[in-house]
Amino acid sequence: MAMKKDQRTIKKEKQENSVSLNLIVLFLAFIPLFFSGIFQGGYFAWETYLTFLLSLPSVILFSYLKFVKKEPFKGIEGLNFAIFLFLLVSFFSLFFTVYFYATLTEFFKVVLYVFMFYIAVNTVENEKIYKVSLIVILFLSFILSLIGILAYIGYKLNIGLPFFNFLLGRGFAVNGIIASTLQYSNTFGAFLVLPMFISVGFFLYENAVLRKILYSFLFVFFFITFILTQSRGAILTFLAGLIVFVLLLKGKERLYSILSIVGLFVVGAIFVMLKKDVVFPYLGTLIYKFNVLLNFLKNGSYDESLGGRIYMIKDTFRILKDYPIFGAGFGTYQYIYAKYRSIYFFSKFPHSLLFQYLSEGGILGCIALLFFVVLLIHKGYKVVKSHYSPLNVGLFSGLVGILLHAFIDFDWSLMFIPLITLFSFGLLLSEGDKTNIDFNKILGKFNLKPHKSETKHATRSKDNASVNKIFSFILISFLITILLIFMFISVNLDRLALNNQGKVPLEKTISDFESAILFNPLNASPRYNLANLYAQIVKSQGNADQSKVSVTKLLYEEAIKKCPMYFLYHFDYAKFLYTIGDENAISEFRKTIELNPLDPGAHSSLAIAYLNLKNDLTDAKSELDLALSLAQDAIDKGLIGKDILTDIYIGYGLYYEKVGNLAKAIENYKLAISTSPNNPYAYYKAGSLEVKNGELPQGIQHLFYAYYYNPNDPTIRAEFEKYAPVILVASPKNGETFKKGGEINITWIPTNDKNVERYVIWLIPPKGDWILINGNLSPKTLSYKYTLPNNVSDGAYTLRIYAVSHKIMQGQLGDWISFGEVKINIAR
């Protein structure tokens with residue numbers, strides 16, 4: 001009896017330990033959820049890999065319990081196969097991808113989503129844990145909503161405190177449209193559908209009045225935040241979830257919910273009438289957006305957002321034609337889309353989970369996704385029907401809404417959304433029937449199950465097997481952890497090096513990029529970024545260092561080898577080759593056009609390379625004409641601004657120079673200036689030809705602006721100083737502050753006195769009439785003292801000193817040939 005009692009005690013202690021460890025696993029699982037939710041949805045690479053690392057404690061402990069301690073691994077019958085298929089397709093995608101590193105990252109994400117699902121299914125073993133888990137989700141949702149609301153308040157009230165500046169600077173409420181930490185208001189609106197229905201479920205589930213009041217407050221808070229996202233798609237999916245919610249409720253709870261909804265609308269109507277000035281602008285915006293949607297669907301009226309989605313859907317089938325079975329590889333859409341787009345519109349992701357999987361995963365990926373999603377919803381519905389409670393109905397309705405929205409937007413580009421979705425589905429399905437997954441039985445079907453030892457060696461073999469299993473588990477866990485740490489270090493160093501470029505010593509930036517390459521040889525990004533840095537160094541040198549040229553070429557080629565379908569890598573490599581006069585630039589520009597055929601800039605760059613590297617006038621003119629046609633088409637459709645024409649007009653200018661038509665060359669350089677008023681090269685080319693053509697007034701001023709917008713180019717400066725001086729203002733200093741009635745000591749240093757007949761000094765206010773300080777200072781005078789009037793307004797002013805030459809300018813364009821200026825402040 002005593003032995004049996006001891007065995008029962010031991011068994012009870014083991015069960016209690018197991019429950020405690022399961023709760024720890026569940027607690028740890030919330031860490032990556034909170035991190036990815038608060039840090040921009042886990043979108044950027046460093047956030048993604050840090051999320052992976054933060055999930056490891058939960059995943060490793062869960063794996064230890066299930067695979068080493070041999071605790072039952074619970075799953076959902078029928079759904080397990082769909083999950084396995086989902087994983088299998090993601091794994092096979094690694095062998096058919098156009099960019100292995102991007103697909104590997106997506107595979108890691110899918111593995112994490114699956115683990116989060118099974119962690120929820122296996123660790124939530126009673127109603128108390130279930131409710132606490134949902135409350136934690138509500139707490140996270142409250143934090144994200146509060147961040148959005150505070151950012152909105154800062155925007156509406158124009159609060160200049162550092163905290164509110166931080167929120168607004170991070171884009172949490174751009175123009176009063178709340179996106180919170182999820183970057184995109186539509187995605188945040190879709191996410192809020194989940195906590196809203198969970199709140200309503202709790203409201204109907206709880207009996208205590210105070211708890212009902214609490215969950216009512218939460219719902220109203222989430223709903224107000226939801227409306228301020230101004231998302232059409234989120235509103236539609238909320239309504240879909242609302243229909244599901246009402247239909248699945250039973251008896252008095254359904255009636256209660258309908259009355260609550262009516263009451264909510266009545267209270268809302270009263271609030272609208274009391275706060276017309278606040279609410280009506282938002283209602284007007286929402287009504288306008290829905291009118292745009294209806295006009296688009298009914299009449300085909302073009303809308304940039306909706307139209308872009310339609311084109312992306314069509315373009316998906318063009319991608320599918322080239323990658324029909326396994327797709328281009330998960331995570332690769334942004335690297336290949338430019339090749340297949342049918343209008344000059346670019347997006348890193350299609351606005352639909354379905355079409356993302358169709359292009360990235362092919363037919364197999366799409367089938368696996370649909371099979372998985374349909375079974376998820378079906379199993380969730382069965383749980384709601386067989387284990388009815390308002391809480392389950394609320395959770396299921398919210399999940400239907402958030403999942404539906406993913407099919408009309410790119411929500412799953414933020415890993416937080418699939419994480420919270422599959423984790424929440426795991427919570428819901430944990431309330432239903434579960435089956436034990438026998439991995440030995442599965443392995444046995446493939447003859448992978450280990451053979452049993454002979455009886456006389458059974459005990460020793462069992463001990464050895466146990467030790468080997470623990471050792472193998474520790475080794476695998478260690479290797480995975482090290483791998484993810486290295487990959488995180490790599491993406492973080494790449495990010496920091498890029499962000500700090502120019503702010504830290506050059507050697508530090510180069511070292512960081514090189515370390516990023518070392519820690520993750522699969523990633524093309526640090527190679528590309530380092531190549532761009534070296535390209536800038538080579539370009540800034542008079543005589544290019546051949547060792548740096550070789551390194552730059554090698555880095556570009558390695559980046560292209562790892563990600564050969566990304567047009568940008570080829571384009572920047574081509575521009576570098578053009579800079580050093582390498583004719584291979586032409587082949588890289590051609591490759592760029594192959595991968596990005598609608599880009600006018602690629603065609604105009606190829607044309608300029610034809611002109612300057614091969615003197616091929618025929619092909620250059622053909623490319624310029626095509627570039628102009630593509631640019632005009634994109635401009636006419638409202639897809640791009642006229643500045644896209646700048647390089648095309650410069651190309652035409654170079655072409656007409658080559659054929660000896662200076663008038664047409666000047667005309668095109670002026671057109672380039674009109675489309676890009678700050679382009680120094682266009683000013684330089686126009687000015688040089690105008691001076692050569694005897695048009696001194698315009699030519700000199702164009703040369704001045706070429707220097708003004710690029711003072712570091714020695715060629716431009718030398719050409720300009722043939723006709724006029726560069727004027728450097730020595731006093732006052734830039735940004736210096738003066739009081740009204742105070743004296744300003746103005747001094748300036750011209751680099752020469754060519755063609756200068758007199759100097760004129762002006763004080764230019766932010767708005768209003770200019771103040772003439774002195775209009776006739778001799779060329780020998782290089783200083784002047786000026787007393788500020790007492791009636792001058794406060795503010796930031798420009799002090800400008802003109803060099804004037806009536807003889808050269810002949811009364812045209814203000815008679816000035818050069819000027820120097822500084823910014824000063826005037827205060828009381």
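Each residue, glycine too, has its Cβ placed from N, Cα and C.
A Cβ distance under 8 Å defines the sequence-distant neighbours of the transmembrane segment (21-43), meaning residues of its chain 6+ beyond its ends; these are 50-52, 54-55, 57-58, 61-62, 65, 112, 116, 119-120, 122-125, 129, 133, 136, 140, 143-144, 181-183, 187, 413-417, 419-420, 423. Per TrEMBL, transmembrane segment is recorded for 21-43 (among others).
Residues or ranges marked as transmembrane segment by TrEMBL: 49-67 (among others). Long-range contacts of the transmembrane segment (49-67) within its own chain (CB-CB distance under 8 A, at least 6 residues past either end) are made by residues 18, 21-22, 24-26, 28-29, 31-32, 35-36, 39, 42, 73, 108, 112, 115-116, 118-119, 122-123, 415, 439, 469, 473, 477, 480-481, 484-485, 487-488, 491-492.
Residues or ranges marked as transmembrane segment in TrEMBL: 132-153 (among others). Same-chain residues lying 6+ beyond the ends of the transmembrane segment (132-153) with a Cβ under 8 Å from its Cβ atoms: 26, 30, 33-34, 37-38, 120, 124, 159, 163-164, 167-168, 170, 172-173, 176, 178-182, 188, 191-192, 194-195, 198-199, 202, 218, 221-222, 224-225, 228-229, 391, 395, 420, 424, 427.
The transmembrane segment annotation in TrEMBL covers 159-179 (among others). With a threshold of 8 Å between CB atoms, the same-chain residues lying at least 6 positions outside the transmembrane segment (159-179) that come near it are 147-153, 185, 187-188, 225, 228-230.
The transmembrane segment annotation in TrEMBL covers 186-205 (among others). Cβ atoms under 8 Å from those of the transmembrane segment (186-205) belong to residues 41, 134, 137-138, 141-142, 144-145, 148, 178-180, 211-212, 215-216, 218-219, 222-223, 225-226, 229-231, 233-235, 237-238, 241, 245, 249, 253, 256-257, 260, 389-395, 397-399, 401-402, 405-406, 409-411, 414, 416-417, 420, 424 of the same chain, restricted to positions at least 6 beyond its ends.
According to TrEMBL, the transmembrane segment annotation covers 217-248 (among others).
What TrEMBL lists as domain 'O-antigen ligase-related' is 217-369. The average per-residue pLDDT of the prediction over the domain 'O-antigen ligase-related' (217-369) is 78, rounded to a whole number.
Marked as transmembrane segment by TrEMBL: 255-274 (among others).
Here TrEMBL flags 280-298 (among others) as transmembrane segment.
According to TrEMBL, the transmembrane segment annotation covers 319-337 (among others).
When Cβ-Cβ distances below 8 Å are used as the criterion, the transmembrane segment (357-377) is approached by residues 78-79, 82-83, 85-86, 88-90, 92-93, 96, 106, 316, 319-320, 323-333, 350, 400, 403, 425 of the same chain, each at least six residues removed from its ends. Residues annotated as transmembrane segment in TrEMBL: 357-377 (among others).
Tertiary neighbourhood of the transmembrane segment (389-408): same-chain residues 130-131, 134, 186, 190-191, 193-205, 233-234, 237-238, 240-242, 244-245, 248-249, 253, 351-354, 373, 376-377, 380-381, 383, 417-418, 420-421, 424-425, 427-428, 431, selected by CB-CB distance under 8 Å and a gap of 6+ residues from either end. TrEMBL lists 389-408 (among others) with the feature transmembrane segment.
If you look up TrEMBL, you'll see 470-491 (among others) marked as transmembrane segment.
Long-range contacts of the repeat 'TPR' (646-679) within the same chain, counting only residues at least 6 positions beyond its ends with a Cβ under 8 Å from a Cβ of the stretch, are 600-601, 604-605, 607-608, 611-612, 615, 617, 620-621, 623-624, 627-628, 631, 685-686, 689-690, 692-693, 695, 702, 709. Residues or ranges marked as repeat 'TPR' in TrEMBL: 646-679.
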Same-chain residues at least 6 beyond the ends of the transmembrane segment (319-337) with a Cβ under 8 Å from one of its Cβ atoms are 89-90, 92-100, 102-103, 105-107, 110, 312, 346-350, 356-365, 563, 565-566, 595
